[in-house]
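Beneath this line is the structure, given in structure tokens, with notes to follow.
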């Protein structure tokens, strides 16, 4: 009997050891695979080698980037992988080519495609976009469009934590065709005038959470594109920039809508807009509904609350300036602070599909220490509590 117990105990220990070995993550140090922390040597192959090893393993993996500066060209990390737990732990800085022409026509600088269970923890991504911005300021369309710094597509269950993105050529972070993403403690910043550099852009995705982040950029701090649902944004400080924008929507005739969006406990400082919904002035099947803007502070914001359904850059392709996008069930609750312009609340909606079920609750916005104004066109809704400026709904 004693021998049987001993054999049984040994069997349990053996099984435990096997399970522990399977569960233990394997670490792949990019420096051990040839990456150089000098900011000059091309380390792209070393990063791809680390990814290939982690992706091919049945065990969870950690791709470790030590302190220092690592030069990367445009790179794609593709799945599917054999495990759903790969972490990029970045202690250093990844830097793009200083010559914007090297990656300027690539859609993305760093791109994850068809992956599941990837975490990016810490680190700095420097897109080196300053020279491209200068080119665009002088030469316009003759310059490359620029690369998004960090792109994700056709993926699930992604976490980005404590990451900083600097000086992107185009958008800083793009989330496209996703399920379940959490972004926390993200910092976005730029030096100088940086056109079309949205901080975080979300589209065709569901279950995205953006928490406790600071975004200073040359365009929207967060932009929300077609096909976005169940989006939660909380604890974001925005500025400078163009605010948090749903849209632009309705560029395409057949287009998925936006629904179930919450934006709360956010601060806008010196931004062009605060809480904005915008759609093209053209026919579309798009919509925006079930939107909650709650607990927002405005500090000298040009357009604190705005719906613009007559968006049409260069006045091209917008017959009659009539938007087909239907906007409904939008609540603004506890919005307060200062406007940099006299009109602090502006609802400029579609004459064909007026905005419906707009609700203002406990809104107090002032202009130069005096009452601001509101402006409504083709908008219907209600108010509750103290609402300043006086509602035009």
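In case you wondered, yes, glycine gets a Cβ from its N, Cα and C as well.
According to Swiss-Prot, the disulfide bond annotation covers 221-238 (among others), on the basis of similarity to another entry. The secondary structure of residue 221 (disulfide bond), as reduced to three states from DSSP, is coil rather than helix or strand. In sequence order, 188, 198, 199, 200, 215, 236, 238, 239, 241, 242, 243, 244, 271 are the residues of the chain that are 6 or more apart from residue 221 (disulfide bond) and have a CB within less than 8 Å of its CB.
Long-range C-beta contacts of residue 349 (disulfide bond), restricted to its own chain and to partners at least six residues apart, with a cutoff below 8 Å, comprise 307, 309, 327, 355, 377, 378, 379. Annotation note: residue 349 (disulfide bond) sits in a coil segment as assigned by DSSP. Taken from Swiss-Prot, the feature disulfide bond covers 349-355 (among others), and the record attributes it to similarity to another entry.
The disulfide bond annotation in Swiss-Prot covers 376-392 (among others) and is backed by similarity to another entry. A coil conformation is recorded for residue 392 (disulfide bond) in the three-state DSSP classification, outside any helix or strand.
Here Swiss-Prot flags 260 as N-linked glycosylation site. In this structure, residue 260 (N-linked glycosylation site) is part of a beta strand by DSSP. Using a 10 Å radius centred on the Cβ of residue 260 (N-linked glycosylation site) and all shown protein chains, the other Cβ atoms total 14.
Residues of the same chain lying 6 or more positions beyond the ends of the repeat 'PbH1 1' (115-136) and with a Cβ under 8 Å from any Cβ of it are 65, 77-81, 83-100, 104, 109, 142-144, 146-147, 149-150, 152, 155-170, 172, 190-195, 197, 218. Summarising the annotation, Swiss-Prot assigns repeat 'PbH1 1' to 115-136.
Residues 129-130, 133, 136-137, 146, 152-172, 210-228, 231, 238, 241, 256 of the same chain, all 6+ positions outside the repeat 'PbH1 2' (178-204), place their C-beta atoms under 8 angstroms from a C-beta of that stretch. If you look up Swiss-Prot, you'll see 178-204 marked as repeat 'PbH1 2', on the strength of sequence analysis.
What Swiss-Prot records for 205-226 is repeat 'PbH1 3'. The average pLDDT the prediction assigns to the repeat 'PbH1 3' (205-226) is 98.
Long-range contacts of the repeat 'PbH1 4' (228-248) within the same chain: residues 199, 202-222, 258-280, 288, 291, 299, 301, 303, 311, each at least 6 residues beyond the stretch ends and with a Cβ under 8 Å from a Cβ of the stretch. Look at Swiss-Prot and you will find 228-248 tagged as repeat 'PbH1 4'.
According to Swiss-Prot, the repeat 'PbH1 5' annotation covers 258-279, on the basis of sequence analysis.
Here the repeat 'PbH1 6' (288-309) has Cβ contacts under 8 Å with residues 239, 243, 246-247, 249, 257-279, 281, 323, 325-341, 343-350, 355, 363, 365, 379 of the same chain, all six or more residues outside its ends. According to Swiss-Prot, the repeat 'PbH1 6' annotation covers 288-309, on the basis of sequence analysis.
The signal peptide annotation in Swiss-Prot covers 1-23 and is backed by sequence analysis.
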For the disulfide-bonded residues 238, 355, 376, 392, the one whose C-beta sees the most other C-beta atoms within 10 angstroms: 238
